[in-house]
Amino acid sequence: MAWENQTFNSDFILLGIFNHSPTHTFLFFLVLAIFSVAFMGNSVMVLLIYLDTQLHTPMYFLLSQLFLMDLMLICSTVPKMAFNYLSGSKSISMAGCATQIFFYVSLLGSECFLLAVMSYDRYIAICHPLRYTNLMRPKICGLMTAFSWILGSMDAIIDAVATFSFSYCGSREIAHFFCDFPSLLILSCNDTSIFEKVLFICCIVMIVFPVAIIIASYARVILAVIHMGSGEGRRKAFTTCSSHLMVVGMYYGAGLFMYIRPTSDRSPMQDKLVSVFYTILTPMLNPLIYSLRNKEVTRALRKVLGKGKCGE
């Protein structure tokens, strides 16, 4: 393999997204602020769901997994970018690059499948409420979540191994702020066209299959909501489902733009901007989308904060 023919001293160079101009310095600290909000928001939501027994339901268990994935996603890219910017070093080892690719791809892939599981959960809750506790019992819910993690990890292993099976004998400057395999393939001195075609097909399958489940689930959900007699029940169902659909739209919209395009149509700046949205903004927005209009979450937060004040 080409991996064996390359030394680990041959680091890659991450060109990053910011220079040291005043404007870019401001944008860098803005990204750090967004990262801090995303880190705190996702951490708080995971802890809140864990601590409050009333949130120990399939829906909130799945949400906790989404927040955990988002938390790991931002931690796999932003800290290295910040370290490189502040230290003036732009290098990343081959092992570090492979690690970033694995975590980044596995977490995105896992979220892809998890969002489909979450839509199925809403379909069962709204269209088959009497069978919900049986169809979404903890064992089944846990298995579906585990499969989401496993499928995402398998995809990441394949992508990472395939990416580093190519030789990189020319420039080692990656036009990105983290290691992403499309940016690496551009640097390869091998013909990567076959791998890119296989990658394209895999991306289509990984996106189309979950999207088909989401569309089918929400088509039934919308029909059920329309025929609901209770105004309160309709409002609650609409609030929950609209939050999920907003996240699905952001996630798959950015994913389609990022990975379905052929390499020849890629612009480094476009990739960077979409990646900032994908890896930083979306993890920040998810806790806000799911919590701002959710009475159960706000109640749990007040309960935890109330206990903290009493403890003081």
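Note that Cβ sites are derived from N, Cα and C of the backbone, with glycine treated the same way.
Values in this document were obtained by computation on a predicted structure and should not be read as measured data.
Annotated features, as they stand in Swiss-Prot:
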- 1-25: topological domain 'Extracellular' (TOPO_DOM)
- Asn5: N-linked glycosylation site (CARBOHYD)
- 26-49: transmembrane segment (TRANSMEM)
- 50-57: topological domain 'Cytoplasmic' (TOPO_DOM)
- 58-79: transmembrane segment (TRANSMEM)
- 80-100: topological domain 'Extracellular' (TOPO_DOM)
- Cys97-Cys189: disulfide bond (DISULFID)
- 101-120: transmembrane segment (TRANSMEM)
- 121-139: topological domain 'Cytoplasmic' (TOPO_DOM)
- 140-158: transmembrane segment (TRANSMEM)
- 159-195: topological domain 'Extracellular' (TOPO_DOM)
- 196-219: transmembrane segment (TRANSMEM)
- 220-236: topological domain 'Cytoplasmic' (TOPO_DOM)
- 237-259: transmembrane segment (TRANSMEM)
- 260-272: topological domain 'Extracellular' (TOPO_DOM)
- 273-292: transmembrane segment (TRANSMEM)
- 293-311: topological domain 'Cytoplasmic' (TOPO_DOM)
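Counting every protein chain shown, the Cβ of Cys189 (disulfide bond) has 12 other Cβ atoms within 10 Å. Residues 64, 296-297, 300, 303-304 of the same chain sit 6 or more residues outside the topological domain 'Cytoplasmic' (50-57) yet have a Cβ under 8 Å from a Cβ within it.
Proximity of distant same-chain residues to the transmembrane segment (58-79), defined by a Cβ-Cβ separation under 8 Å and at least 6 residues beyond the stretch ends, is recorded for 31-32, 35, 38-39, 42-43, 45-46, 49-50, 100, 103-104, 107-108, 110-111, 114-115, 117-118, 121-122, 125, 132, 136, 138, 141, 145, 148, 177-178, 240, 247, 279-280, 282-283, 286-287, 290, 296. Most Cβ pairs under 8 Å to the transmembrane segment (273-292), among the stretches 26-49, 101-120, 140-158, 196-219, belong to 26-49. Under DSSP, Cys189 (disulfide bond) is assigned to coil, being neither helix nor strand in the three-state scheme. Within the same chain, residues at least six positions away from Cys97 (disulfide bond) with a Cβ under 8 Å of its Cβ are Phe12, Cys179, Leu184.
Helix, strand and coil counts under DSSP for the topological domain 'Cytoplasmic' (121-139) come to 16 helix, 0 strand, 3 coil. Long-range contacts of the topological domain 'Cytoplasmic' (121-139) within its own chain (CB-CB distance under 8 A, at least 6 residues past either end) are made by residues 58-59, 61-62, 217-218, 220-221, 224-225, 237, 240-241, 244. Each residue in the topological domain 'Extracellular' (80-100) gets a DSSP state, and the totals come to 15 helix, 2 strand, 4 coil. Within the chain carrying the transmembrane segment (140-158), a Cβ under 8 angstroms from the stretch's Cβ atoms is held by residues 58, 61-62, 65, 101-114, 117, 120-121, 202, 206, all 6 or more beyond its ends.
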